[in-house]
Amino acid sequence: MKKLTDQILKDVITPRPENSFKGTFGKVTLIGGNRNFGGAIIMASTAAVCAGAGLVTTATDEINASALHAQLPEAMFADFTDDALVADLTQAATSVVVGPGLGNDETSLRILKNVFAHTTEKQNVIIDGSAITLMAMKKLEQPQGNIIYTPHEMEWQRLSGIKIGDQTEDKNKAVQEKLGATVILKKHHTEIYTSDQVYQLPIGTPAQAVGGMGDTLAGMVGGFTAEFNGKADKAVLAAVYAHSAIAEKIAESQYIVLPHQISRALPTFMKKMEGMNEDHHIGFLNQEILGY
């Protein structure tokens, strides 16, 4: 298992081309957030916007529209029960994030099936939270696309059939290869299973153990893979590393880290990273530039 280092940030977060526009940096469509869990999709959407995606659309329960607009005016709203609209938004996206706060009822299942029916091979499809649980419960076929799962250990148990205590590197890798997908297994030291390597994230803090942290990571992965679509595999790794690097710094002065603080710190973090040379390290990050 290879240790992930801050070199991945240098490889991925590079200066934006002068001749560019919002379409240059991809479109993200996020689907989730039922009546009870609207915060999850709003946090994921915030992360996608702050990560630099060119356009972000959030398909969620209409009860969440006002909260979304109040918290994140940069994101566009769509009613996730409008099947035709969600199908169009799914097909138009560079990256699709489905699952944060989606729920496990029949409406959630119908929405998920609709999304899965309209992804394409060229898209990045991030499957998180409720979507993973529904896939396991209903034995849904994996959709088309560059599939990226973001399970915690129990969700991985449901999807893979491997009990938490038996989730070894070899067993996890075998299932990942069968799926033909990237797996970000969230745990004390998160593990990332890719087509050709297994990485372990050596950083992170217990201050991240709060609700919404995984939703934020899913949104960051969506944003990074859209913005840096030409190097999407590395973008996944960079998102995972940046998520914990920022959290570690915030935790130096806070007992817990709130997920939205990571998102709000991202633009400044990325600006510092774009010009970082081989002699610099994450130590440049300080409270004055965190931006929350």
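From the backbone N, Cα and C atoms, a Cβ is placed for every residue, glycine too.
Heads up, TrEMBL stuff is auto-annotated, nobody curated it.
Residues annotated as domain 'YjeF C-terminal' in TrEMBL: 5-273.
When secondary structure is read from DSSP and collapsed to three states, Ala40 ((6S)-NADPHX binding site) falls in the helix class. Around the Cβ of Ala40 ((6S)-NADPHX binding site), the number of neighbouring Cβ atoms within 10 Å comes to 31. Positions annotated as (6S)-NADPHX binding site by TrEMBL: Ala40, Gly101, His152, Asp215.
Listed in sequence order, Thr150, Pro151, His152, Glu153, Gly214, Leu217 are the same-chain residues at least 6 apart in sequence whose CB falls under 8 Å from the CB of Lys186 (AMP binding site). Look at TrEMBL and you will find Lys186, Lys187, His188, His189, Thr190, Gly214 tagged as AMP binding site.
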Subject >> Beyond the site residues Ala40, Gly101, His152, Asp215: chain residues whose C-beta lies within 8 Å of the centroid, for (6S)-NADPHX >> reply: Gly32, Phe37, Met43, Ala44, Gly99, Pro100, Asp128, Gly129, Ser130, Gly211, Gly212, Gly214, Ala218
Original post:
What other residues of this chain sit with their CB within 8 A of the center of the CB atoms of Lys186, Lys187, His188, His189, Thr190, Gly214, the recorded AMP site?
Top reply: His152, Glu153, Leu185, Glu191, Leu201, Gly204
Subject >> Rounded inter-Cα distance in Å - Asp215 ((6S)-NADPHX binding site), His188 (AMP binding site) >> reply: 17
Original post:
Could you tell me the C-alpha distance between Lys187 (AMP binding site) and Gly101 ((6S)-NADPHX binding site) in angstrom, no decimals?
Top reply: 20
Original post:
Could you give the Cα-Cα distance between Thr190 (AMP binding site) and Ala40 ((6S)-NADPHX binding site), in whole Å?
Top reply: 20
